[in-house]
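To keep things clear, I will list the structure first and then write my remarks on it.
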Amino acid sequence: MRNLTSYSNNNVTSCTNGWVYDTTGSSIVTEFNLVCDDSWKLDLFQSFVNFGFFLGSLFIGYIADRFGRKPCLLISLLVTAIFGVLVAFAPTYPWLVTFRFIQGLVSKGSWLSGYILVAEFVGLDHRRTVGIVYQVAFTVGLLALAGAAYVITNWRWLQLAVTLPNFVFLTYYWCVPESPRWLLSQNQKNKAKEIIEHIAKKNKKPIPHTLQSLTANEDTGEKQIPSFKDLFRTPQIRKHTFILMYIWFTCAVIYQGLIMHMGSTGENIYLDFFIAAMVEFPAAYIIIVTVDRIGRRYPWAVGCFVTSLACLVTAFIPEGLQWLRVTLGCLSRMGITLSYEMICLVNAELYPTFIRNLGIMVCSSMCDLGGIITPFIVYRLSNVWKELPLIVFAVIGTLSAVLVLFLS
């Protein structure tokens, strides 16, 4: 799950003569004075969100595989909405961090349950396209967020604006059915058949004579209970799990790190953010065009390598060539977005149905671990050398490009 926040470059130093904010509107920085000696609290705020994602990954994936995708989706949406509102009304910094942490515990579950639902509703031939379109919706949200943040300059009102739509999503209870594939993996064939018949009626299609097309080859007629051991049971799955965990970690560090680095070095944060988000659309298009013709691994490895190279070159570009820095920044953003969307697609394909949610949640928990340390990588290393984080991104991204080639 890609996470997002905006930062300003706040070095850890004492302010003997106080400070004056040269900005309009209100943010958590200006309201809670997260500057000078307390600037590390801004890093901690974002890290706690990702810490919540990480802990949530350890049980939400199991809940979705054990009790169903739909209950997990609805409960996650409800809790995310409630604590999102509480964040907007947090009276102090400790309460702000606490509410955001609890929101992080469950919010990843809504994204993942939704992704798995749409992936399991369609056949293998369409899963790729549907999965990528689902990811593109995230990019659309980034563009909307850039516009909303530009118009709504008070952080509390902005928090409410992005939170309240979650309550509308609770209407999915009446219009989104449970995954037939999950029902089949739990040996609930009659319920799966009812859902399939309903879908066929709505689409004015003949009812299939068999459910075979909706079951993966590894599914059996017995109810299968997910277990963490299943992710490491065979050498092949074990290799996939470890490689995917590292790549998830890398994606989070580079993706979030590029956004944070842009926020601390960019001239116009709103425009730079908007342009960088726009280049995510070509990444999705590249996947759709190449994945069936070339395969998953090679476009994915190229995306990782391009990101690494762009980060490395950007680190040594003089300040006067801002247009070149922005261009390479867009190129690196496109490459890491391609990697992010590809790992979501491949991670779902490499695990059988009964541990698919669990497999993605456990592997993507490394994404959350990366999110925890990214603020400290960006802002603390920047105090040593402003471009040092880009060198780190280049190194870990190159290793990801190599490891991708070992997936099969």
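Note that Cβ sites are derived from N, Cα and C of the backbone, with glycine treated the same way.
Here is what TrEMBL says about this protein:
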- 1-408: domain 'Major facilitator superfamily (MFS) profile' (DOMAIN)
- 44-64: transmembrane segment (TRANSMEM)
- 71-93: transmembrane segment (TRANSMEM)
- 105-124: transmembrane segment (TRANSMEM)
- 131-151: transmembrane segment (TRANSMEM)
- 157-176: transmembrane segment (TRANSMEM)
- 243-263: transmembrane segment (TRANSMEM)
- 269-291: transmembrane segment (TRANSMEM)
- 298-317: transmembrane segment (TRANSMEM)
- 358-382: transmembrane segment (TRANSMEM)
- 388-407: transmembrane segment (TRANSMEM)
Near the transmembrane segment (388-407) in space but 6 or more residues beyond its ends, with Cβ under 8 Å, are 239-240, 243-244, 246-247, 249-251, 253-254, 257-258, 261, 296-297, 300-302, 304-305, 307-309, 311-312, 314-315, 332, 336, 339, 346, 350, 377-378, 381-382
| request: Examine the transmembrane segment (243-263) against the transmembrane segment (269-291) and state whether at least 3 Cβ pairs sit under 8 A, considering only residue pairs 6 or more apart. | output: yes
Proximity verdict for the transmembrane segment (131-151) and the transmembrane segment (269-291), three or more C-beta pairs under 8 Å = yes
Under 8 Å Cβ-Cβ from the transmembrane segment (269-291), and at least six residues away from its ends along the same chain, one finds 6, 128-129, 132-133, 135-136, 139, 142-143, 146-147, 149-150, 258-259, 262-263, 299, 303, 326, 329-331, 333-335, 337-338, 341-342, 345
Averaging pLDDT over all residues of the domain 'Major facilitator superfamily (MFS) profile' (1-408) gives 81
